[in-house]
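What follows is one structure encoded as structure tokens, with my remarks underneath.
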Amino acid sequence: MDHQSIVSSLDTKEEALLYTQPFYQRVIINDAVKNFTPAYFVSVMGTGISSSLLYRFPYPARWLEVCGYVMFGIACVFFLLNLALFVMSCYYFKGRFTSYITDPTRLVFMGSFSMGYITLVNFITIITKGKHVYFVWALWWIAVVSAIYTSFIVVYFSFMSKLNTVDLDARLNATILLPIVTITVVSSCGHNIEMELHHLNDIVITMITSFMLWCLSVSLALMVITIYMSRLIIHKIPSTQIIMTGFLPVGFLGQSSYSVYLFGCNLNKLIPEELLYGKILLCICGFFALFLVSFGYFMLFVAIISVCSKIRPFARSPHPEHTNRYGLMSWDKSFWSMTFPLGTMSLANTIIGEGAVGEYPLLTFKIMGCIFTVACVAITVTCCVGVVVHVVLKLRKDYINRYKYVNNCIA
């Protein structure tokens, strides 16, 4: 068979040439590595927080702890795979690393790397139970440096530098919160670790650092959410392609509520019981936590209604590229953006439900924490299955086309 017949049996001449390459070059480099984006680290965030939620479910069970270990293993696999793809993309494609740290459309997703890493550190903190605490503390300081990078360098180059002349209004969606949420996540992890440290000086340093990170994140995020809300009011809800990003503000509000409540609980433990300052500060932090989680409920309502407005029966003509034949949302990578926000709302509701303020458990918040946990884990598992199916279909298509090419060559 001549060359023209071979080419005509495939879609294009370029595709025919593609299948002359070895599997590593064809699939790994020219597909997986070439199409890599830091947004893929969102998968680590979702699986990482799901592992902690399963291990610390409000109604504990041994099988849930085992599921937590399994989910943590999946999170580690995602982290290592994405880290390998990140390094390989910088090595094989010239200018890729520069774009990761200067291109606003990619730069904001570097926060996903930091948050994914810190969710792994969080789970390590839980399972070590005070053992090897200074090893975990060292991992936390690495996360602090990463968070400072995202909150200062990323935010500046994304929105303030004159090097970026892209229309800002076109980029004003909830993804701009990603670099800011990172420092909230690191803050809450610090509060989880600090009371396990052996020396008072280490406890105080960690506590102050974590609280300063929380203050920074809240001050920045509330300004950004104000701008984001004004955009929603003026330009209405985002397009179907980025509609899932509406859940990201929920992630900040839930995580910041959890962090400040932990801070209050730790202050109450640290300050001598005969002094009232601990109880007073715990109450103040509890009020802040309730304020933030209440705002989180509102933003969750906005996000859910926004998604519903894009599907049947609420949408007259659903977007054909992002909905299935039934008019419902088709699964894609954006579904990962729901997992972490739901997980943070679970953390916030669960810790508020424990009733440290007044030592009076609040059953409603505890139940809501369970609901958010189930929702987060269910969506995470669905996304993991979606990733596996997507990879299998990709490999199947490659195998069929490769087989077609080889047979045509032999013929």
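Just so it is clear, glycine is given a Cβ too, placed from its N, Cα and C backbone atoms.
According to TrEMBL, the protein has these features:
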- 39-57: transmembrane segment (TRANSMEM)
- 69-93: transmembrane segment (TRANSMEM)
- 105-128: transmembrane segment (TRANSMEM)
- 134-160: transmembrane segment (TRANSMEM)
- 172-193: transmembrane segment (TRANSMEM)
- 205-230: transmembrane segment (TRANSMEM)
- 242-264: transmembrane segment (TRANSMEM)
- 276-307: transmembrane segment (TRANSMEM)
- 335-353: transmembrane segment (TRANSMEM)
- 365-393: transmembrane segment (TRANSMEM)
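Only sequence-distant pairs (6 or more apart) were considered; of these, fewer than three Cβ pairs between the transmembrane segment (172-193) and the transmembrane segment (365-393) are under 8 A, so the stretches are not in contact.
Residues 64-65, 67-69, 71-72, 74-75, 78-79, 82, 85, 106, 109, 112-113, 115-117, 119-120, 122-123, 126-127, 333, 336-337, 339-340, 343-344, 346-347, 350, 370, 373, 376-377, 379-380, 383-384, 387 of the same chain sit 6 or more residues outside the transmembrane segment (39-57) yet have a Cβ under 8 Å from a Cβ within it. Beyond the ends of the transmembrane segment (69-93), by six or more residues, the same chain brings 29, 32-34, 36, 38, 40-41, 43-44, 47-48, 50-51, 54-55, 100, 113, 116-117, 119-120, 123, 127, 377, 380, 384 to within a C-beta distance below 8 angstroms of the stretch. For the transmembrane segment (276-307), same-chain residues at least 6 beyond its ends with a Cβ under 8 Å from one of its own Cβ atoms are 225, 232, 237-238, 243-244, 246-247, 249-250, 253-254, 256-258, 260-261, 263-265, 267-270, 329, 341, 344-345, 348-349, 351-352, 356-357. Residues of the same chain lying 6 or more positions beyond the ends of the transmembrane segment (365-393) and with a Cβ under 8 Å from any Cβ of it are 43, 46-47, 49-50, 53-54, 57-59, 71, 74, 331, 335-336, 338-339, 342-343, 345-350, 352-354.
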